[in-house]
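> Pulled these features from Swiss-Prot for this protein:
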- 34-54: transmembrane segment (TRANSMEM)
- 76-96: transmembrane segment (TRANSMEM)
- 117-137: transmembrane segment (TRANSMEM)
- 164-184: transmembrane segment (TRANSMEM)
- 208-228: transmembrane segment (TRANSMEM)
- 252-272: transmembrane segment (TRANSMEM)
- 258, 262, 307, 308: Cu cation binding site (BINDING)
- 284-304: transmembrane segment (TRANSMEM)
- 309-329: transmembrane segment (TRANSMEM)
- 353-373: transmembrane segment (TRANSMEM)
- 391: heme a3 binding site (BINDING)
- 392-412: transmembrane segment (TRANSMEM)
- 427-447: transmembrane segment (TRANSMEM)
- 470-490: transmembrane segment (TRANSMEM)
- 536-563: region 'Disordered' (REGION)
- 552-563: compositional bias 'Basic and acidic residues' (COMPBIAS)
């Protein structure tokens, strides 16, 4: 037996053929590879949606129709909004959750690896169906990403492109629902010994709350989409305007739509919360209040949907206005936590910290204009104007894109075993930051001056030309900022040095920084003891470990008592 074992271990390791590599990735159930697939696919959708935005901005730079006609413009903003929210932002959450969450709780994988794989394929093919509507003769859907009735009816949107939009989103939505079931089960049932709920990293907490929100919001969207398809193809009349169907659609859609904004915000808040303590050299300020604020946002986000419907005159304005003001309070608490962590910290502005700081500035602007829009008298004046477009992009782009790039630069060594180039990262950040604010800051003024959203053209006499031209210049700078990032990824993959340590930043706090870069197939060779919410810091800096230790659970104490 000893000889056989020696011979077995002496066999040379076979290099994997390209064909086998492709099959391995297509059939993988490894949460890290599935996370890679989510992030790569969603970033590809981000690039496609960005090109659509640049075409629209090029059209709006000057009065008159230059590039696209009215219907093509409608198709562009419909697909742009759909792609960015449902095919980029939402699956990017799933990508980061797959990559990082099992590592942070000390789990070898997610609870249902095959369901995880199915979730990705549902998202991919749902997204391809939506994008495939570009190839049909009648063109893609042109009714806006919230598909208001009666515009979404067969009479007003007769092409097959609208049906592909509906069924593609339903399919991708089922993938999101199944993925959230997986994340919830993993967090509740697969934590490492010692990893109590109140020792979990904030990103994992936010993944938990986001998954709960998905299970409340996405089934409503899926049901509404399937009923809409029944209206279009089987003659049911649920969303018929004569039966009040137009308002019914708005209620159903926004009951999904507003939680969706927090579905694509909370996990990215979590990413920022992971980055700031590492580059402040301090534990997160107010760990418990951060969790409480996230719980409050989760609860409040399902009772504010009708602030999107103030202009209908058919909703209770005082209630929805008050609840919309109220949701700003826990968000403000988070800001105190983030700035409190940075205060008196030993700050260093490596690229991930730059993105986190850029997020704080951008999201603060978006939050302040959100408080303005929560007031019905003010909302009546700027609803469906570029003021709303600017607010929405400050909130969503300011959160999702800044935090996504921050997460990429922060966890890239954990994903790939190589560090992205810092100089290129800083060029990337500053070009994107300047381009973003140049694009969207002026749109607040355009909206206040009365420029409606979703118009393909305007008159020179309207006085919108100068600000639109400036916004378009900013948009192209914003688009160009992606080039240094893509070059950085290529350069790092080709020439980057291998990371030899578990924690290349030196001050990582959560459990993913206690395993190799990249981790082995089942994540950990050995698990360190978890005695606080910063197990990696405790392991690598034992002199400072447990400066504010939490009491250990009774069952752990009992396990160590001599029998």
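Glycine residues also receive a Cβ, built from the backbone N, Cα and C atoms like all the rest.
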> Same chain, not part of 258, 262, 307, 308: whose C-beta falls within 8 angstroms of the C-beta centre of the Cu cation site? Give them in sequence order.
254, 257, 259, 261, 301, 304, 305, 324
> Which residues of the same chain, at least 6 past either end of the transmembrane segment (353-373), have a Cβ under 8 Å from a Cβ in it?
268, 272, 275-276, 279, 307, 324-325, 328, 331-332, 335, 338-339, 347, 379, 382, 387-388, 390-399, 402-403, 405-406, 409, 425-426, 429, 433, 436-437, 441, 444
> Have a look around residue 307 (Cu cation binding site) and count the other CB atoms within 10 A of its CB, chains all included.
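The answer is 23.
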> How about the transmembrane segment (164-184) and the transmembrane segment (392-412): do they have 3 or more C-beta pairs under 8 A, pairs 6 or more apart in sequence?
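No, the stretches stay apart by this measure.
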> Give the sequence-ordered list of residues that share a chain with residue 308 (Cu cation binding site), lie 6 or more positions from it, and have CB atoms under 8 Å from its CB.
250, 254, 257, 258
> Between residue 262 (Cu cation binding site) and residue 391 (heme a3 binding site), what C-alpha distance do you get in Å?
15
> Same chain, outside the transmembrane segment (208-228) by at least 6, Cβ under 8 Å from its Cβ: which residues?
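Here the qualifying positions are 93, 97, 147, 152, 166-167, 169-170, 173-174, 176-177, 179-181, 183-184, 187, 200, 236, 238-239, 249, 252-253, 255-256, 259-260, 262-263, 266-267, 294-295, 297-298, 301-302.
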> How big is the Cα-to-Cα gap, in Å, between residue 391 (heme a3 binding site) and residue 307 (Cu cation binding site)?
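The separation of the Cα atoms works out to 14 Å.
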> Count the other Cβ atoms sitting within 10 Å of the Cβ of residue 262 (Cu cation binding site), across every protein chain shown.
25
> Going by DSSP, is residue 258 (Cu cation binding site) part of a helix, a strand, or coil?
helix
> Which residues of the chain, 6 or more past the ends of the transmembrane segment (284-304), have a CB below 8 A from one of its CBs?
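For the transmembrane segment (284-304), the sequence-distant neighbours (Cβ-Cβ under 8 Å, at least 6 residues beyond its ends) are 198, 202, 205-206, 209, 212-213, 216-217, 255, 258-259, 261-262, 266, 269, 273, 276-277, 320, 323-324, 326-327, 329-331, 333-334, 336-337, 340-341, 343, 533.
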